[in-house]
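Written below as structure tokens is the structure these notes are about.
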Amino acid sequence: MKTVVWQSLSENQQESLLQRPAITEGANITAIVADVVADVRQRGDEALLELTEKFDRVRPDSIRVSEQEVTAATSRLSDNMKQALQQAYQNIATFHKAQKTKPLRVETQPGVVCEQVTRPINSVGLYIPGGSAPLPSTVLMLGVPAQIAGCRQVVLCSPPPIADEILYVAQLCGITEIYNIGGSQAIAAMAYGTKSVARVDKIFGPGNAFVTEAKRQVSNDFRGAAIDMPAGPSEVLVIADKTADPDFIAADLLSQAEHGPDSQVILLTPEPSIADRVADAIQLQLKVLPRADIARQALGSSILIVTETISQCISISNHYGPEHLIVQTREPRELVPLLDNAGSIFLGDWSPESVGDYASGTNHVLPTYGYTRTYSSLGLADFSKRMTVQELTADGLKILAPTVVTMAEAEGLDAHKRAVTIRIEKLQQQEILKAQQVEEKEA
């Protein structure tokens with residue numbers, strides 16, 4: 001992991017230094033995924049079973065996980081694990097419940113009322129990756145907001161065999177539709193539906209290059225499903241001053257570096273001594289990490305940057321837009337108003353990135369690869385949709401009609417204009433008739 005002095009670089013060199021590792025999908029992945037998606041659409045469950053056997057080297061007895069299997073998985077877990085998962089569930093639920101919005105009702109002018117109401121997305125699909133270790137935390141991050149939002153149907157897919165921890169957390173989140181399928185075939189099944197797997201409106205969750213490509217393809221097809229956000233490799237950026245603990249910084253950088261060879265970690269500090277001590281601490285801590293080889297590969301594209309000031313650190317961070325941003329300075333809270341682009345921010349010495357990954361309450365599904373400029377961390381709103389309502393009285397329409405008529409004429413949309421004027425004419429006729437009735441009665 002190299003150390004550089006920011007001011008010693010030209011603008012082009014500075015820009016090049018902040019380039020993320022390239023995402024190498026390749027035409028072959030695109031073609032493979034397209035074939036898988038088409039196969040699942042055409043042959044449904046039969047294709048799912050064959051593809052699962054081909055890619056995961058196992059043919060499940062049943063595509064759907066039974067209630068008995070979930071109960072058995074729960075019984076196999078230790079009390080310690082259950083308690084940890086329950087605590088994480090409570091914290092995540094508490095934070096996401098607080099994100100509920102109240103209906104909005106505004107009278108924009110006399111007789112014109114506008115409202116905004118929220119409804120849950122009817123059906124959602126959650127993808128939980130397989131791999132060497134189970135990811136119950138991802139089930140929590142997706143399942144809890146889906147549950148709180150009130151999504152009527154929640155489908156969960158994960159490669160077989162599904163870990164006990166995943167099944168237990170699914171139960172905590174009230175998820176009963178769980179399927180033994182993974183990879184791009186699972187994304188296709190949720191996007192288009194099969195005899196066993198229900199079609200969903202939106203798909204959430206991380207995955208490898210094949211899963212990411214499948215999500216991209218189905219989201220670009222109007223017959224497919226929406227997705228949560230673009231995905232990329234994990235990343236963390238740390239802003240530190242002279243009060244920061246180098247051991248803490250090193251641990252935080254390595255916690256992201258161990259995710260994968262394509263992860264990127266960055267330190268920004270105006271203190272050369274901090275950069276040097278962090279570099280030493282990284283080498284010491286690497287010696288005891290089981291995933292040290294993976295972390296070393298990630299460190300190859302990672303950097304320790306020495307700046308002139310903390311203000312310069314903030315400027316660089318805002319330009320880079322990290323997935324995770326850790327602020328270890330004397331007064332970290334004071335920097336928050338100055339930070340514009342980050343997925344999730346961790347303030348102070350006692351807020352390691354790991355707590356956000358698991359149990360602080362915030363969501364760990366975050367935009368990466370610079371998408372923090374336009375995307376937000378996953379939250380309750382992602383499992384909901386907003387509808388607007390307007391209601392006008394007759395007097396309200398009369399007041400607003402000239403504005404609408406003028407604008408419709410300017411845009412050459414006569415039917416729009418007519419939808420207003422036909423009502424105004426009807427009102428005028430009613431008023432004339434009413435006046436005549438009054439005159440007749442008085443006579």
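Our numbering is plain: 1 for the first residue shown, then up by one each step along the chain.
Placed from the backbone N, Cα and C atoms, the Cβ positions cover glycine too.
From a predicted model like this one, the values you see are computed outputs, not experimental measurements.
Database features (Swiss-Prot):
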type	residues	note
ACT_SITE	E323	active site, proton acceptor
ACT_SITE	H324	active site, proton acceptor
BINDING	Y127, Q185, N208	NAD(+) binding site
BINDING	S234, Q256, H259, H324, D357, E411, H416	substrate binding site
BINDING	Q256, H259, D357, H416	Zn(2+) binding site
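Here the CA atom of H324 (active site, proton acceptor) lies 10 Å from the CA atom of D357 (substrate binding site). Rounded to the nearest whole angstrom, the C-alpha distance between H324 (active site, proton acceptor) and S234 (substrate binding site) is 8. Most Cβ neighbours within 10 Å among the binding-site residues D357, E411: this distinction goes to D357. The NAD(+) site is defined by Y127, Q185, N208, and by the 8 Å test on Cβ atoms against their centroid, the other residues of the chain that qualify are P129, C157, P159, G182, G183, S184, A186, I187, G207, F210, V211, A214.
Taking Cβ-Cβ distances under 8 Å and a sequence gap of 6 or more within the same chain, the neighbours of S234 (substrate binding site) are Q256, H259, G260, S263, E323, H324, T368.
For H416 (substrate binding site), the same-chain residues 6+ apart in sequence whose C-beta sits under 8 angstroms from its C-beta are V404, A408. Of the listed binding-site residues, namely Q185, N208, Q256, the sparsest Cβ surroundings within 10 Å are found at N208.
E411 (substrate binding site) and Y127 (NAD(+) binding site) are 45 Å apart (CA-CA, integer value).
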